[in-house]
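A.B. asks: Structure incoming, see below.
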């Protein structure tokens, strides 16, 4: 069976959920092989979890430079493995960095680039959801090795047994004239909350929250649900919540199992970032708010009454 | 002296209804208002700031149909010095790989450049990879998703912001930079700027002028093909209740019924 390469998305050996989604999606096309790029010792930390999601092989590309330069070490590693393995496809997470890795790799391999897939089919085609979920598209690589970025949350991860047989890949020396050197990293301080694009539940607040202090109500509900916190552009522009949590056309696109919109009117700008969520719950004082047109369950009321009560109910059920 | 090329894309306005054409699944450019992509106003602003801090020239580069001249004029009215417009029927339906190759070839027509500045992601395709692909083709460093750019002599430092947090990167020029929404607040063109823009030189080039084979671009030669495209049935409103002091409990009941909690 043909190999399908999956770039492992990890932070210092801590594997992100999207990697398991990629390993699951890869099985539609062949046998998943994980490619680990990182500092020496990374593969040892990630190998077991990759095996439990069906990685037959684990290509290990470790070097001190792997974390020292932007994007290019990952492209170098994937292209080196692709040359020897002739994979059926290469899968990368459709994150900011993943999309860049995929783009460069497609140029290097002369491959077909498919961006932000939400599903991969056994005939090699992929499903995409564009214009903020307004259009569904099916596309396929026309020539070369398909290089596919897959949207976090687009495919549900399913465990499977894999041998995770290790193979070492030697990374070429980084050409400093062609790469940007990383001189410092400040990871997102998200506390214990899941990452916005990876979370299965997102609780967002909008202009109706009214102030930065009152976002506390949104956070408490999010924490009771184990959810990520999001914000509308109006809330971010008003300074209620940091911009990295903005959901919408100009922020993050999320498609969680459950999206709870509190005090968000539902402008087209916001809907473009969340309308592919599986279930949408909205709370808004204004019965005419457009968010209710797309909500599976809506409450016309004051979020400061509804949200705390919901927080208590969730806590009660958790015991 | 810093010579900067700013990449500008004309896109369908995100506030209008965007569609794909029924016939070949490419963007239906007639169905929506066409505007300069918001992020590109920030790219232009950043280029102007760097120019104003020292010396240099800002060239706008756009690949797109004839009417993309409107987007180009907007950039010129903000203060860019001149423009190159690559416009050719054969480009219709080009994918990202072909687009990156055409932009790279067009950069070969600029006398010399120290910096290429793009938006991090266009609001229509949202591929988010053209700047990186361009860096790959040009063999220069990529400093993308910048929320801060500092040019010192022949070196550049960028604070890159993505979902992973902030990464500080540095490289030597020439380089490709892409900017995020947080980089700056773009200026409004002044009346004087708008008038001056009308007289600024815009060089229009075809694919043949770039030395690119027309057979390598366009829909038929794309590395990827759209097989099907259809508008999604709009989401419909579900249940709605008035809060009578039990709104939170009602939501909880609903979520339990849906097995979500």
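Placement of Cβ uses the backbone N, Cα and C atoms for every residue, glycine included.
Taken from TrEMBL, the feature domain 'Electron transfer flavoprotein alpha/beta-subunit N-terminal' covers A:4-187. Taken from TrEMBL, the feature FAD binding site applies to A:207, A:232-233, A:246-250, A:263-270, A:284.
For each feature listed, report its degree of burial, its nearest neighbours and the pertinent distances within the displayed model.
C.D. replies: Long-range Cβ proximity for residue A:207 (FAD binding site), meaning a same-chain Cβ under 8 A and a gap of 6 or more residues, is found for A:232, A:234, A:235, A:238, A:263, A:264, A:265.
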A.B. asks: Using a 10 Å radius around its CB, how many other CB atoms surround residue A:246 (FAD binding site)?
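C.D. replies: Step by step: centre on the Cβ of residue A:246 (FAD binding site), count other Cβ atoms within 10 Å, giving 24.
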A.B. asks: Can you list which of the binding-site residues A:207, A:249, A:264, A:267, A:270 come closer than 8 Å to chain B, going by CB to CB distance?
C.D. replies: A:249
A.B. asks: Who sits close to residue A:270 (FAD binding site): which same-chain residues at least 6 apart have their Cβ under 8 Å from its Cβ?
C.D. replies: A:206, A:232, A:233, A:247, A:248, A:249, A:264, A:291
A.B. asks: May I ask you to report the DSSP-based helix, strand or coil state of residue A:264 (FAD binding site)?
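C.D. replies: SS state of residue A:264 (FAD binding site) = coil.
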A.B. asks: Please report the DSSP secondary structure of residue A:249 (FAD binding site), reduced to three states.
C.D. replies: coil
A.B. asks: Counting other CB atoms within 10 A of each CB, which of the binding-site residues A:264, A:267 comes out lowest?
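C.D. replies: Comparing Cβ neighbour counts within 10 Å for the binding-site residues A:264, A:267 gives A:267.
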